[in-house]
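Annotated in Swiss-Prot:
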BINDING   Gly113, Met133, Gly134, Asp135, Tyr136, Val137, Leu138  S-adenosyl-L-methionine binding site
Amino acid sequence: MWIGVISLFPEMFRAITDYGVTGRAVKNGLLNVQCWSPRDFTHDRHRTVDDRPYGGGPGMLMMVQPLQDAIHEAKNKAGEGTKVIYLSPQGRKLDQQGVSELAANPKMILVCGRYEGIDERLIATEIDEEWSMGDYVLSGGELAAMALIDSVSRFIPGVLGHEASSAEDSFARGLLDCPHYTRPEVLAGMEVPSVLLSGNHAEIRRWRLKQSLGRTWLRRPELLESLALTDEQATLLNEFQREYRVRQHDD
């Protein structure tokens, strides 16, 4: 997968290219992240990249010419048909379904805004899609872009150490993940659930699915509203709910 990034702070993306899962993906040639800074496309000695908004008001906007030239340079590098994405609080909210859709693109260009944003005409002429990390404001698009890169890279074959890992992530099936445990068997007086020590893979699978359903019901019940549960899932969720209510009553 090739990802181009337009950012005033390209050095921030070393967190993606040099570390962790994405860093290994870059090292192994599975992920290529290339950055362009609008500052490199300025023509004044101050390398100006911001400009006043028409109509006045607080704050500045990213200057059109350097940003547009950087986008064009990235497009020329990427080739025809490459999707250009602007990270914006006004965009479609990113969820696992959206990540899966974006991961189907072998190439994409991410535009990271700064200041009060970018000229609306640039959005109309240069941007294909706008995506948001959520209903809150960041100082710039870089952190959002890094989160997007990290999430889509998990879908690249060979990036994860275990191919089943991405399929078992939270939200991969529309559900939150189940609880996980490692050594020691007893921690702060709490024991690892005995089923996980049993070696019975069918029961372990059933327990994990039940816990995943139950955790989603407790913490993100709205996710269940959009799911068509199988008979097994419905049965396990009912079991979890009954057991949970008994525990609450006993407490």
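Cβ atoms are placed via backbone N, Cα and C, with glycine included.
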Exercise. Please state how far apart, in Å and to a whole number, the two most distant Cα atoms are among Gly113, Met133, Gly134, Asp135, Tyr136, Val137, Leu138, the recorded S-adenosyl-L-methionine-binding residues.
Key: 16
Practice problem: Please work out the number of neighbouring Cβ atoms within 10 Å of the Cβ of Val137 (S-adenosyl-L-methionine binding site), leaving out its own Cβ. | Solution: 6
Self-check item: Sparsest-packed of the listed binding-site residues (Met133, Leu138) - C-beta count within 10 angstroms
Solution: Leu138
Exercise. Look at each of the binding-site residues, Gly113, Gly134, and point out the one with the fewest other Cβ atoms around it within 10 Å.
Key: Gly134
Exercise. Provide the three-state secondary structure of Val137 (S-adenosyl-L-methionine binding site) computed with DSSP.
Key: coil
Self-check item: Asp135 (S-adenosyl-L-methionine binding site): tally of other CB atoms within 10 A of its CB
Solution: 7
Quiz item: In terms of DSSP three-state secondary structure, what is the assignment for Gly113 (S-adenosyl-L-methionine binding site)?
Solution: coil
Quiz item: Cβ distance under 8 Å to Tyr136 (S-adenosyl-L-methionine binding site), same chain, sequence separation 6 or more: which residues?
Solution: Pro89
